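Features reported for this protein in Swiss-Prot:
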TOPO_DOM  23-328  topological domain 'Extracellular'
DOMAIN    23-124  domain 'Ig-like V-type'
DISULFID  Cys48-Cys108  disulfide bond
DOMAIN    128-226  domain 'Ig-like C2-type 1'
DISULFID  Cys150-Cys207  disulfide bond
DOMAIN    231-313  domain 'Ig-like C2-type 2'
DISULFID  Cys252-Cys297  disulfide bond
TRANSMEM  329-349  transmembrane segment
REGION    365-396  region 'Disordered'
MOD_RES   Ser386  phosphoserine
Amino acid sequence: MGAPSALPLLLLLACSWAPGGANLSQDDSQPWTSDETVVAGGTVVLKCQVKDHEDSSLQWSNPAQQTLYFGEKRALRDNRIQLVSSTPHELSISISNVALADEGEYTCSIFTMPVRTAKSLVTVLGIPQKPIITGYKSSLREKETATLNCQSSGSKPAAQLAWRKGDQELHGDQTRIQEDPNGKTFTVSSSVSFQVTRDDDGANVVCSVNHESLKGADRSTSQRIEVLYTPTAMIRPEPAHPREGQKLLLHCEGRGNPVPQQYVWVKEGSEPPLKMTQESALIFPFLNKSDSGTYGCTATSNMGSYTAYFTLNVNDPSPVPSSSSTYHAIIGGIVAFIVFLLLILLIFLGHYLIRHKGTYLTHEAKGSDDAPDADTAIINAEGGQSGGDDKKEYFI
């Protein structure tokens, strides 16, 4: 019976000594800090806090155990290290222009009984240098293989390299990592190979560095490549639909790298060539029906030749309106406009006369000395007009 009764006592003792059980009684005099990451050349702030300072001051020391600040008092003469805040419950300092050598564990201490400490691990990121591309020597011929190398030094931790050509991602080999002589940073390198086409002529191959210290900023280098390829050509007529009697230019538009240096024009069924020149246009000063046929233009460079063909069909001359008919049309338009204006004037004149209606008798009668008789005569005259049967004439 003794063994079972001792089991609860053993469990209670185990719980009291467990690490979790220790958290049940929090030490208010224990300071706390946080780890920090900073880019080389930047500024880091170290913050130490304590709840119960027990009338003691906080202190910061560097990885070499050199005291930096004791309370608000500077202990190490380093202008990069400045006091940010000093209270009984907090001591914060800043380190500017951080170097790789500043990396390590910084200690915050409070001199209670016993002395309590907290650690802050400062990680310094090395910024990678701008990458360098090597391996490109001169122009490449179409379908040859281009091999480029890219290298960047000074990153910590080691950076990653990526390739692209224009908007297209290129898959280079795995990034190679080598430690720099300072023992802290790394040099990374990568290579890429691809077969070039004529579309790659003038393209930019870009090597970019990916690293957390850049915070999304672009750090890259580009290499423009030149590709030599055989020419192509096409024939463009001017005008597009030539007619008999017109002047015609057949433009032979050659493209290539290098551009064609010579153009040879031929017409099927005729010998020798019509034209051999460095100029690309074939000129017909005055087209005839006999000029119809198939023409070929051969564009030549030191990379090869290409022949384009064009079938010319000379259309009948278009009827040209005579100058006299054009003149007559203009005169007719002017006459029609004048007649239209006269009609408008006649309409307005008629409207005016209707609104101001009067007769000779009316005006003469009103101008006589015997006004009453004149009015009577006017009334009688109007009455005679309305009567229709009894028409009388009065002389005044």
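Glycine residues also receive a Cβ, built from the backbone N, Cα and C atoms like all the rest.
Non-local neighbourhood of Cys207 (disulfide bond): Pro131, Ile133, Leu148, Cys150, Leu161, Ala162, Trp163, Ser190, Ser220, Thr221, Ser222, Gln223, each in the same chain, at least six residues away, with C-beta under 8 Å from its C-beta. When other Cβ atoms within 10 Å of the Cβ of Cys108 (disulfide bond) are tallied across all protein chains shown, the result is 23. Under DSSP, residues within the domain 'Ig-like C2-type 1' (128-226) fall into helix, strand and coil as 6 helix, 52 strand, 41 coil. Secondary structure of the domain 'Ig-like V-type' (23-124), assigned with DSSP and counted as helix (H, G, I), strand (E, B) and coil, comes to 3 helix, 50 strand, 49 coil. For Cys48 (disulfide bond), applying a Cβ distance below 8 Å and a minimum sequence separation of six or more within one chain yields Pro31, Trp32, Thr33, Leu58, Trp60, Glu90, Leu91, Ser92, Cys108, Ala118, Ser120.
Mean pLDDT for the domain 'Ig-like C2-type 2' (231-313) in the predicted structure: 91. In the shown protein chains, 27 other C-beta atoms lie within 10 A of the C-beta of Cys150 (disulfide bond).
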